[in-house]
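What Swiss-Prot annotates here:
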BINDING   Gly38, Ala39, Thr40, Gly41, Thr42, Gly43, Lys44, Thr45  ATP binding site
DOMAIN    25-176  domain 'Helicase ATP-binding'
DOMAIN    454-617  domain 'Helicase C-terminal'
DOMAIN    652-687  domain 'UVR'
MOTIF     91-114  motif 'Beta-hairpin'
Amino acid sequence: MSEFQLVSSYQPTGDQPKAIAGLVKSILEGHRFQTLLGATGTGKTFTIAHTIQQVGRPTLVMAPNKTLAAQLCNELRELFPYNAVEYFISYYDYYQPEAYVPSTDTYIAKSSSINDEIDMLRHSATRSLFERRDVIVVASVSCIYGLGMPEEYLKASIPFQVGQEINQREVLRDLAGIQYERNDLELARGRFRVKGDVLEIVPAYEDRVIRIEFFGDEIEAIRLIDPVTGEILTSLSALRVYPARHFVTPEAQLQQAILNIEQELEEQLAFFRKQGKLLEAQRLEQRTRYDLEMLREVGYCNGIENYSRHLTGRKEGEPPACLVDYFKANDWLLVVDESHVTVPQIRGMYNGDRARKQVLVDHGFRLPSALDNRPLKAEEFWAKVHQCVFVSATPGNWELEQSGAQFETVVENGKTLKFYVPGTGRVIEQVIRPTGVVDPEVHVRPTAGQVEDLLGEIYLRLERSQQGLPERVIVTTLTKRMAEDLTEYLQERGIRVRYLHSEISSIERIEILQDFREGAFDVLVGVNLLREGLDLPEVSLVAILDADKEGFLRAERSLIQMIGRAARNVRGTVVMYADTLTGSMARAIAETQRRREIQLQYNRQHNITPKPIIKKNSNAILSFLAISRKLNSQDLEKAFPVADEIPLSEIPELIGQLELKMKAAAKNLEFEEAAQLRDQIKKLRQRLLGHHQST
């Protein structure tokens, strides 16, 4: 019997029961891959939750980014309040990787800011995987990066049991050995203190205090304590304290690793000297010998992860352990959400990491073994996966092929294209929405006079909005310039309109979408509006300009995703402006019409009247916006020549904006710009710190 307890006031409806039954049957029959092809707004998460509950295995849910991972985690926690639903994403608030730019001879040291709360959640996830089966871990793709070996992590943990005879001094030494720090004045995560016969520990995986009471060398009681009030929350008969860090290296293994690092260093120095690269040899020897001395003296050094191959005893090229290895082999389930985005990310992680590190190795900043501190290659990751469910409204061909789907081939413009044949393989379709809302009608109109035609459609929605439920409009263009010109044209005609483009920061993007939902404006114009956060039930019209211009933004899957933006509204309509009907357009329209007919037939058979979706605005987004920026990008550029004149009250917000720009630069591999922004942030923080110290 499954240990998962799903709690909901709703029952599966529409074709959710059929989808749940299909997925569960396929998984229990032992099939490795299956796909849930669910249209927008059909309740895919609810279906997956029921599937997890019926299969009853520990589950890893992978999302393409932190935002969607957080959203999924919250939804699953509501559905499984009595089970362990954990959150595992990168614990860096900011991460500037170590890099070298040969063209300018610029070395940029690693710089990062670790979020302590997220680190706690990561430890909580691995602890749950060791101690229970009813676990769902929601993770971003960063979970395929190296993590400490689960065997060493578990072996290093310390068990405590009431009545156990144990030497206090040995316990304190063991705690220090697994990276806990003694601090008798202030308890915090990863610390412990001793007062007489009482040992208090704040573990890495939660914020409650573990109090162990001794009578001599015998454990008399184990209690969990509220860290603020000191109130006893519960008493336990036994528990296990896990290491404060995921990377744990026993002393004997550390000494062997040091010998191996020294041997590799000598080999690489000989290689550089033979090539006449004396500068690189000197640089490598100086840096590595310093790191070796730190490892001998304190067991740690900056950039220790670059020696992870030696510290974990792996062979050259062998994949590192990651979160997947904390699941028991062949006894867990993988769910890949938005698989059309997530699967390509898994493929791309290794190559980007390798290119940067290879430059460091070639120029003597790192030993070649640093290349093995890396994310998994795609083939390595999939080799670890026993069973998987792909989830998407537009799954990629690779996912469909793995799920046994059949394809038909079509030759277009000299290219041979493959297209999925509906109803084949282990592809479970879910097209009926619980609300009864059907896919939108799709109209194709000529480009001549398209702007005037669009204006008329917008006026129609504005008029209807004044008479009943609000309606909004999304317009997608091919270029940023076209989006700007169209926005200006609509503004001149009294339309409340904004546009989105790639240069808008994440915070400002959220702010614009929030204003859109609240009715601060009625029309949103943009180029790539396929990203998350645009599933707005108020959108009743999606207009696609230049729909016949083939390319990524007008490919079949992109068009279906855009059509889906109007699929949550009872009056949903899509207008494609085009002079020719491309293959992508024809297939997207045909697929939408196919789903629409299924939905209409279901509504007729069950006498269902479509109901509009009423969504509450997210308080989390609003509170996020409350600390949003006041200064625009031009102000930021001008801020530093007159930094001393910036009011102290505005510095925290300015730092926040610079951190966003710094993260964006690091993500785009613009290391020099990121380093400059980092230095600017340091100056501002020093000014704030100086002010606080003087007061």
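Please read every residue number as a count from 1 along the shown chain.
Positions of Cβ are set from backbone N, Cα and C atoms, glycine also.
It should be emphasised that the depicted structure is a prediction, and the values quoted were computed from it without experimental measurement.
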DSSP secondary structure for Gly43 (ATP binding site), reduced to helix/strand/coil, please.
coil
Counting by DSSP secondary structure, give me helix, strand and coil numbers for the motif 'Beta-hairpin' (91-114).
3 helix, 15 strand, 6 coil
Report the member of Thr40, Thr42, Thr45 (the binding-site residues) whose C-beta atom has the most other C-beta atoms within 10 angstroms.
Thr42
If you take the centroid of the Cβ atoms of Gly38, Ala39, Thr40, Gly41, Thr42, Gly43, Lys44, Thr45, the listed ATP site, which other residues of that chain have their Cβ within 8 Å of it?
Thr47, Ala393, Gln430, Arg433
Have a look at the binding-site residues (Gly38, Gly43) and report the one with the fewest Cβ neighbours inside 10 Å.
Gly43
Applying a 10 Å Cβ distance cut-off over all chains shown, what neighbour count does Ala39 (ATP binding site) have?
26
Going along the chain, which residues six or more apart from Lys44 (ATP binding site) have their CB under 8 A from its CB?
Leu36, Gly38, Val391, Gln430
Could you tell me the mean pLDDT over the motif 'Beta-hairpin' (91-114), as a whole number?
83
Cβ neighbour count (within 10 Å, all chains shown) around Gly41 (ATP binding site):
19
Coarse DSSP state, helix versus strand versus coil, of Gly38 (ATP binding site):
strand
